[in-house]
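The structure appears below as structure tokens.
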Amino acid sequence: MAALFVSLLALTSLVPVQGAATVPQTDYAKRAERVLKSAPLIDGHNDLLYAIRRSTNDQIYDGKLPFETSLKGHTDLPRMRKGRMGGQFWSVFIACPSDPNAPINTPKFATRDTLEQIDVARRLVDKYSKDLMYCDNPGCAKRAFREGKIGSFIGIEGGHQVGSSIAALRQAFYAGARYMTLTHNCDNAWATAASTVRAGKPDLGMTDFGPALIKEMNRLGMLVDLSHVSHQTMRDVLKITKAPVIFSHSSAYEVSKHLRNVPDDVLKTVAKNNGVVMVTFVSSFVKVDDPDSADVNTVVKHIFHIAEVAGWDHVGLGGDYDGTTELPKGLEDVSKYPYLIEKVLEAGATEEQARKLVGENVLRVWTEVEQIAKKIQRSGVLPVEEVWKGRNGTALSERSTFIEGPAPLEYGCD
């Protein structure tokens, strides 16, 4: 009888492997490997492209960018493969103006530079097409994973990058961008940034022009990214969006009270919205009181807190690799993802929950955003034409009599 009990106990410590032998419940490395074989690990935010811009001026054909062997930062092909990555949202980041107090309508080159970043993203993926696959929809992302490639998607990190223009946003979408973070570390014509509140200024949330942006992003099927925005902006957007939102690289405010993180009331609303919060690894965000002591378990704590408050359907991963110099011990570069999943399983997550975390959740959100967009478009909703009233620009701040009848040519074109 004792022998039978021991045998039964041994059986309970095993979990089935699809089409293979059983694996001990406590063999977290093998269980993590199984998770990453069955679901694509999709990271919500990586700034490698900005590092390329700063180091090579977006020149990738001269042999000076050894992406296929080893780069100095956090990301290259060998480490992505070691990290079992199945998909990456590449940020086409361009920094805010150097003066955060500069008027929003000050002329700048951010939109031009953003298009150049989209261009280098597409060229990089094409150059390494044996390993990477450019995708602009979730079906393609799944196909890339089945074919053993790393799905590569594009996200814009801040409304300043499209000049606070809905028409410019639309063209960025047509060029391939599939999410836009509403702000970076500067306010724009649509919303207040978290950095503004950190600087001691009031949290004004969305502007009167903000709803027009959300309406158009919903219509296009463009993911609304609420990382970097103020807490009130988060709440304002969640009240009006018709589609799920993402936080491409944010963590839990209750665990670490940094304004870049998401408070519990917003986490609960994200669950109702069916969105996803993709946990970032930046040490000063995940452990604001002692960043140097942050480690992989610190990040696991954020993952579990979001899962407890919002549910396992609403948590994902967005490391912010190559966008920070502060990373927890054990998560030094993109190769460390399997170790993180080991720790998540060791902390008590099921493999089903881990699959949701690594990629199934963000793919579900992306799919729903597309479905809602198709429904909106079928209903006959036209592109938003509204422009920001505070902008500078030829013929937009003045009204001519052209549409009312013959008028003198007020603006020369020759």
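In case you wondered, yes, glycine gets a Cβ from its N, Cα and C as well.
In Swiss-Prot this protein carries:
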| type | residues | note |
| --- | --- | --- |
| SIGNAL | 1-20 | signal peptide |
| BINDING | His45, Asp47, Glu157 | Zn(2+) 1 binding site |
| BINDING | Glu157, His228, His249 | Zn(2+) 2 binding site |
| BINDING | His184, Arg260, Asp320 | substrate binding site |
| CARBOHYD | Asn392 | N-linked glycosylation site |
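In the three-state DSSP assignment, the secondary structure recorded for Glu157 (Zn(2+) 1 binding site) is strand. Around the Cβ of His228 (Zn(2+) 2 binding site), the same chain contributes Glu157, Gly158, Thr181, Leu182, Thr183, His184, Asn185, Ala193, Ala194, Ser195, Arg260, each under 8 angstroms and 6 or more positions distant in sequence. Less than 8 angstroms from the CB of His45 (Zn(2+) 1 binding site) sit Phe89, Ser91, Gly155, Glu157, Ser227, Ser248, His249, Met278, Thr280, Gly318, Gly319, Asp320, Gly323, each of them six or more residues away in the same chain. Asp47 (Zn(2+) 1 binding site) is 31 Å away from Asn392 (N-linked glycosylation site) when you measure Cα to Cα. Local packing around the binding-site residues His249, Arg260 was summarised as the count of other Cβ atoms within 10 Å of each Cβ; on this measure the leading residue is His249. The Cβ of Asp47 (Zn(2+) 1 binding site) lies under 8 Å from the Cβ of Ser91, Phe93, Asp320, Tyr321, Asp322, Gly323, each on the same chain and at least six residues away in sequence. By a simple count of nearby Cβ atoms, those within 10 Å, the most crowded of the recorded positions Glu157, His184, Asp320, Asn392 is Glu157.
The secondary structure of the residue listed as 'N-linked glycosylation site', as reduced to three states from DSSP, is coil rather than helix or strand.
Highlighted in sequence order, His45, Ser91, Gly158, Thr181, His184, Asp225, Ser227, Ser248, Ser250, Asp320, Gly323 have their Cβ within 8 Å of the centre of the Cβ atoms of Glu157, His228, His249, the residues recorded for Zn(2+) 2, and are not part of that set. Take the mean position of the Cβ atoms of His45, Asp47, Glu157, the recorded Zn(2+) 1 site; other residues of that chain with a Cβ within 8 Å of it are Asn46, Tyr50, Ser91, Phe93, Gly155, Thr181, Ser248, His249, Asp320, Gly323.
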